[in-house]
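One structure below.
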Amino acid sequence: MGKAVVLAVNGRRYEAAAGVEPSMTLLEFLRTQTPVRGPKLGCGEGGCGACVVLISKYDPATDEVTEFSASSCLTLLHSVDRCSVTTSEGIGNTQDGYHPVQQRLVGFHGSQCGFCTPGMCMSIFSALVKADKEDSRPAPPMGFSKLTTSEAEKAVSGNLCRCTGYRPIVDACKSFAADVDLEDLGLNCFWKKGDDRADVRKLPGYNSGAICTFPEFLKSEIKCTMQNTNSSPVAVSNDNWYHPKSIEEFHRLLESNWFDENSVKIVASNTGSGVYKDDDLYDKYIDIKEIPELLVINKSSKGIELGSVVSISKAIQVLSDGNLVFRKIADHLNKVASPFVRNTATIGGNIIMAQRLQFASDIATILLAVGTTVTIQVVSKRLSLSLEEFLQQPPCDSRTLLLSMFVPEWGSDGITFETFRAAPRPFGNAVSYVNSGFLARTSVDAASGEHLIKDICLAFGAYGVDHAIRARKVEDFLKGKSVSSSVILEALQLLKETVTPSGDITHPEYRISLAVSFLFTFLSSFASSFNEPVKVNVTNGSYTKGAGSTVYSAEKHLKVDSNDLPIRSRQELVFSNEYTPVGQPIKKTGAELQASGEAVYVDDIPTPKDCLHGAFIYSTHPHAYVKGITFKSSLASQKVITVITAKDIPSGGQNIGSSFPILGDEALFADQLAEFAGQNIGVVIAETQKYAYMAAKQAVIKYSTENLQPPILTIEDAIQRNSFFPIPPFLASKPVGDYNKGMSEADHKILSAEVKLESQYYFYMETQVALAIPDEDNCVTIYSSAQLLEITQSVVARCLGIPFHNVRVITRRVGGGFGGKAMKAMHVACACAVAAFKMRRPVKMYLDRKTDMIIAGGRHPMKAKYSIGFKSDGKITSVHLDLGINAGIAPDLSALLSSTIIGGFKKYNWGALDFDIKFCKTNVSSKSTMRAPGDVQGSFIAEAIIEHVASTLSVDTNTIRRKNLHDFDSLAAFYGESAGEASTYSLVSMFDKLASSPDYQRRAAIVEHFNSNNKWKKRGISCVPITYEVSLRPSPGKVSIMNDGSIAVEVGGIEIGQGLWTKVQQMAAFGLGQLCPDGGECLLDKVRVIQADSLSMIQGGFTGGSTTSEISCEAVRQSCTELVERLKPIKDSLEAKAGTVEWSALIAQASMANVNLSAHAYWTPDPAFKSYLNYGAGISEVEVDVLTGATTILQSDLVYDCGQSLNPAVDLGQVEGAFIQGVGFFTNEEYATNSDGMVINDGTWTYKIPTVDTIPKQFNVEMINSAPDKKRVLSSKASGEPPLLLASSVHCAMREAIRAARKEFSVCTGPANSPITFQMDVPATMPVVKELCGLDIIERYLQSVSTNPTTVKA
């Protein structure tokens, strides 16, 4: 029998319980068998960073400890035997004090919902540990580390955050960098920008090595084990985990009678399971990473040999010390996956996935390009093959062992080597659309100066082919030729015959054009006709004063990468002391707990005794009868305890999963008929969450479509079949003016133009989760990650057929919501409740990311057709909109969009406005409200119309925008009472401040100059205004003062990361402050906002619509006013006797006098002031790579009217976070479905939200304080959703850059047959951008150059 798994977790010894399964991940072990809760399950794919930990290994031979970050969701427990694991709790916590990483992240306001924060802290901490171990670097100044600012920006490149927009996290990380200018860092709690000098001594002190990452007891244990090791034939634990020490041992295992490929898994690091999910449980594992032959690293004059289980990070380190070819390979490998995956993922594993599973590997392509050979062993036979030969073989089985790869030395004489990749993210963590590696040996003719290609290797991969290939025909054609435009053109034509994507790959034409672009870029560096010096302005107007020019060759210009620019920012905020401590930029309440991982989310609640776990079984058919559910014969299916379906809903209960008053219900389970792909059919119940996940995969559903109509899947289908949801009259918007009259007054008309917007997934970091605990007397307590607590309570009660008071729903905090934890959270709560009632045991469901993405619904896709009339000067006289909105199968909250779309659209004075809105009922998952629902689409459609008018008139777009902005009279005509007072209308002044400023004019001139001097990169700049209407609603609040003077506050709103608790805490201190000598600042630390409880805070309402914080604050202020009235007489009495009275003494006296120290208020808005308008404007400047369609946001400048901010730091975070979420919607997030309406972009591998490398390189935010309005809560305004609309400025700037490219190359694709007028839908992904720029522009360009050779523009 083998030894038990022993590891240290945060310095404590843990021994895995006997019989622990070999499939158990480190994350599962940490979360179920230790007190650790910091590492979170965010995706289970290694794609989000929420589970990052630091793993430390000890080598007794050298007495050295090596540390590296890793995804604990992919790391198998047995693989970290005798290792030390450090989590966020281990570097700092409440009891021992917080680590400077945690303190600085909090102090720079880098945590909102907090679910990703422990992982962020560990990625930063790991980067510090790694940098500080670099002996070659000089010792840093006191308080800093050896980290550089460039490394700091990349430290969290693999970590996802949906809340903050990354900027404050980057600033926190940069604060450790020795080369940072602290004055460049953004708003923080350590110094006041502009008033105080930035000084490292004001930051929490950092000392390298303060955290012990490997405890001495484990070192001693390892040394003792080494001395007592016996030579067993094969090392095996009690738990079917085998780790052979030689190839011979490995083959003995394969030949043993128990070996079965279906139940035995061979692993080195297990990171491949993030890509190719296990379909069943494995009962035996063979770990090959301790086989010495697979760990070799040999460097010689002939090249570098890398063992197959050498990690990608180690390979990068080895290759970085080599010549130019090796260094370029290392640079490319740095763009593969993310740091915490590269640290454990192996080179060989990546190659095997490419060979066996058709993985779109960058590594295989790049190594193929440099002539790599591989050594493999099949049983007793050892073979050496070229990588090309190996990839071409039939997929190898588990008996084929990849031993090593040999990368030959190429020298530098006449050698040129380049690698290319095009992916949704520039710095990795995204699979390439196409990757390539090119190596050429050339000579230069002394007389002509022409490059002669002696030998060349061209490798391409990821374009929709089984594996990377060499373009042999193209190579043969180029060998021996001098490079010219005609030669390049012929080579590209040959390439297009070679690179042929498979039929099922997305964007095939785009991928071919990428391959062409890459080869063109490479070959053009050898063509003398492309190397004529030309004046190229590469100055980034965002970073320098004036417009400098430099001489660049075309080759060099093609290598200028704006992605390498540093991230910078500026914030201009207004602070007010009028209502102190309200208005102060204090740090977020509980942020330290979030950073340490001690903050409790639903999945962190200790699992109750006898708790069961559930996972949804969902339909894969859009419209079919469900005839039965069976399970495959598998290990996982043996874990099924039962399946809960509609039949298990208690007698008297309803099959209801969600509901909203007046708008309608949605079923919890498909009962006989499944109406969309992704509809819940049942819940698999198992003993653990992993068992439930795996068992649900084993379900086989039998369908029948007999006598059923075909499904309705699109807006067009629904219109054709007249399938619509009615709009309640009280929600319907009203037309403005006379449309026909306006059209008759127009000089020009555009009829039936179109624009489309697709859906967007919420990508909250915490997926849907609920825990239901049955109680006495038919009661149930549900812990739910929910935004609609009150309605969740009522829906669960209706589902179970019990009184509302029998259901208690509790929510402490939500790990991101954005509207996604509103309706769909009810389904999970109801499913848990039904299962708990049936089983009479607690039941928890924590959805895996794929299931969450499939059932979430997301933002509403829509198609807009518009007709407009306008004058020759650009004044619009009339607009008609026909809107088709895909609402999905159930009403959900769709009807709310009828007013919000028009609300966002009405920001311009259209003269007359008419519209027809159809909510299409379709056989897809019901769409729901997502941050700025309807408003963001309406605002964008308005911009599409404005830009169409501008291009028709050949006028600057800003001229049309400015001409059609409202004056106050037209604003009041379009918005009614929401327009408020004229003094509060700040949009025109904000727009003029940006669009009419000398800085904007200068930058626009630089953009134009840049575009006239650059052929393959184009820039665009755009300024967009927004108007956003928000509504106020009743809200409860309760303030209770304890006998010791501490204060407990309850509100109806839920803390979802928006800073509600922080603002409520400030308001409570302010409200009671008149009882304190300092106005209430002394009370801040005494206030605790407690979790929302549906039986404690009645009529809690919902959290959404951007106003929850302010209405909760107002309810709290009313409660405080009542308490002050009770306490003031006692205070006056005490002061008359003893002068100044301390808070604690006042409360003690009041308690003795039996004063009621608890007050409850139910605030209702003034009937004459139930809504108001928010305003903002934003400039974005982008650079588009015409060859690939990649877009870099060079600069964004946002101006937002936040009124008198309740907390400027919180509101700044909302502005930045909303904007970046909007950038994702407009540019990169494809929530794609298949032909049955089933979501197929269902994980981090295929759905790409913004990361730190896709945010603006210069990110400036100014929050202005418009005229005070006492009708608003202390003159404050909403900040959660409106700024998201400003992200359309990026889309509009991209349009300007694309327009410049289309004019350059005379591209006239699209219905308008014009280079300047074209339809650009949302999202504008890389394939969309490239297609609009022209897929064949290189060929056309080369043809023109070949027939008319002149000096060419770079």
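A Cβ is built for glycine as well, from the same backbone N, Cα and C atoms used for every other residue.
Features reported for this protein in TrEMBL:
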ACT_SITE  Glu1281  active site, proton acceptor
BINDING   Cys43, Cys48, Cys51, Cys73  [2Fe-2S] cluster 1 binding site
BINDING   Cys113, Cys116, Cys161, Cys163  [2Fe-2S] cluster 2 binding site
BINDING   Asp362, Leu402, Arg421  FAD binding site
BINDING   Gln787, Phe818, Arg931, Gly1105  Mo-molybdopterin binding site
DOMAIN    3-91  domain '2Fe-2S ferredoxin-type'
DOMAIN    234-426  domain 'FAD-binding PCMH-type'
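Binding-site extent for FAD: residues Asp362, Leu402, Arg421, maximum pairwise Cα distance 26 Å (rounded to the nearest whole number). Secondary structure of the domain '2Fe-2S ferredoxin-type' (3-91) per DSSP, as helix, strand and coil residue counts: 16 helix, 29 strand, 44 coil.
Candidates Cys48, Cys73, Cys163, Glu1281 (recorded positions) were compared with Arg931 (Mo-molybdopterin binding site); those inside 10 Å Cα-Cα are Glu1281. Cys48 ([2Fe-2S] cluster 1 binding site) sits 20 Å from Asp362 (FAD binding site), taking the C-alpha atoms as the reference points. When the binding-site residues Cys113, Cys116, Asp362, Arg421 are compared by Cα distance to Phe818 (Mo-molybdopterin binding site), the shortest distance belongs to Cys113. Note on proximity: among Cys73, Cys161, Cys163, Glu1281, the recorded positions of the record, the Cα nearest Asp362 (FAD binding site) is that of Cys73. Residues within less than 8 Å, Cβ to Cβ, of Cys113 ([2Fe-2S] cluster 2 binding site) and separated from it by at least 6 positions along the same chain comprise Arg162, Cys163, Tyr764, Met765, Glu766, Arg813, Val814, Gly815, Gly816, Gly817, Ile1056, Gly1057. When the CA atoms are compared, no recorded positions among the candidates Cys43, Cys73, Arg421, Gln787, Gly1105, Glu1281 lie within 10 A of Cys116 ([2Fe-2S] cluster 2 binding site). Apart from Gln787, Phe818, Arg931, Gly1105, the residues listed for Mo-molybdopterin, the same chain places the Cβ atoms of Gly817, Gly819, Gly820, Ala822, Thr929, Met930, Pro933, Ile1056, Thr1103, Gly1104, Ser1106, Gly1280, Glu1281 within 8 Å of the centroid of those Cβ atoms. Apart from Cys43, Cys48, Cys51, Cys73, the [2Fe-2S] cluster 1 site neighbourhood in this chain, defined by C-beta within 8 angstroms of the site C-beta centre, holds Leu27, Lys40, Leu41, Gly42, Gly44, Glu45, Gly46, Gly47, Gly49, Ala50, Ser71, Gly119, Thr1244. For Cys51 ([2Fe-2S] cluster 1 binding site), the nearest neighbour among the listed binding-site residues (Leu402, Gln787, Gly1105), judged by C-alpha distance, is Gln787. Mean per-residue pLDDT, taken over the domain 'FAD-binding PCMH-type' (234-426), amounts to 94.
Taking the Cβ of Cys116 ([2Fe-2S] cluster 2 binding site) as centre and 10 Å as the limit, one finds 30 other Cβ atoms among all the protein chains shown.
Sequence-distant contacts (6 or more apart, same chain, Cβ under 8 Å) of Cys161 ([2Fe-2S] cluster 2 binding site) comprise Cys116, Met120, Ile169, Met765. Taking Cβ-Cβ distances under 8 Å and a sequence separation of 6 or more, the neighbours of Arg421 (FAD binding site) in its chain are His332, Lys335, Asp362, Ser432, Val434, Asn435, Ser436, Ala462. Highlighted in sequence order, Ser111, Gln112, Gly114, Phe115, Thr117, Leu160, Arg162, Thr164, Met765, Gly815, Gly816, Gly1057 have their Cβ within 8 Å of the centre of the Cβ atoms of Cys113, Cys116, Cys161, Cys163, the residues recorded for [2Fe-2S] cluster 2, and are not part of that set. Here the binding residues for Mo-molybdopterin are Gln787, Phe818, Arg931, Gly1105. Their largest Cα to Cα distance works out to 13 Å.
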